[in-house]
Amino acid sequence: MRLATWNVNSIRARVDRVADWLERADVDVLAMQETKCSDEQFPTMPFLAAGYEVVHCGFNQWNGVAIASRVGIDDVAVGFDNQPTWSDKPEVEAAAEARALGATCNGVRVWSLYVPNGRTVGSPHYVYKLQWLAALRETAQNWLTEDPSAQLALVGDWNIAPTDEDVWSVQAYEGSTHVTEPERAAFNAILAAQFTDVVRPFTPGPAVYTYWDYTQLRFSKNRGMRIDFILGSPALAHRVTHAEIVREERKGKAPSDHAPVLVELS
DNA sequence: ATGTCGGCAGGATGCCGA
């Protein structure tokens, strides 16, 4: 089975490209992030035409996560237990954002995750990001405690570069989110909870990235960050026979600023 | 060179988020 994750940066702007890649890359399950639309606006038809079922969680033009599968989608869950809430405005009650969607596809419990960006270090949104990661770690740890043999895939845009090797320039990101010690500690806590980066062994660094800013010719200069990950539980990790970051999909007409990340399971 | 996208409101372009 071939499982992938991709921050698509608006599915409405890119659905033809995404559906085309699904078929070309022979993908069975794709988790998407930043669909940037409501459920009503989500373009389902191109996925159906390509032979995929698709589930989506989107409340407005922000965030949005989805899973497309041609091997079944069962037990769909919108959000995870204890998922922190957020509100930009005092007059609006805090609510869970469209950042987590779970579904079981051919025996694999897939979670499409869009970790909060954090915006600026020390801001309320940064605090929220750290809370969100801590809550995810707690919940994911419980899943594994309940069933140590569970095949779990925590995939998506984590908005963290776990090591200095995962950014094109440490200096460029000095004082910025994505590289701070608390963010890296929050990511490492999930690794410590028995989830492993199943892609890295097949895509060793340095200078291996999954995201490149649109500005300043960052892609052509390969000035990016590695922030999109597929983390597997022990039972899932043992099945991984191949992985790749599909840089080709960052090229061409109207690309997302992220490349898809793909694993093959035995 | 605060450099580029996408979505929104409003009905052009400026703002937000990334």
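Backbone N, Cα and C atoms are what each Cβ position is placed from, and that goes for glycine too.
Where the annotation comes from TrEMBL, it is an automatic prediction and has not been curated.
With A:E34, A:D157, A:N159, A:D257, A:H258 listed by TrEMBL as binding Mg(2+), the candidate from A:N7, A:N188, A:N222 annotated for that site turns out to be A:N7. Set side by side, the recorded positions A:D157, A:D228 differ in how many other CB atoms lie within 10 angstroms of their CB, and the most is found at A:D157.
Closest by Cα distance to A:D228 (site 'Important for catalytic activity'), from the recorded positions A:Y114, A:D157, A:N159, A:H258, is A:D157. A:Y114 (active site): 26 other CB atoms within 10 A of its CB, across all protein chains. For A:N159 (site 'Transition state stabilizer'), the same-chain residues 6+ apart in sequence whose C-beta sits under 8 angstroms from its C-beta are A:V115, A:P116, A:N117, A:G118, A:K129, A:T177, A:H178, A:I227.
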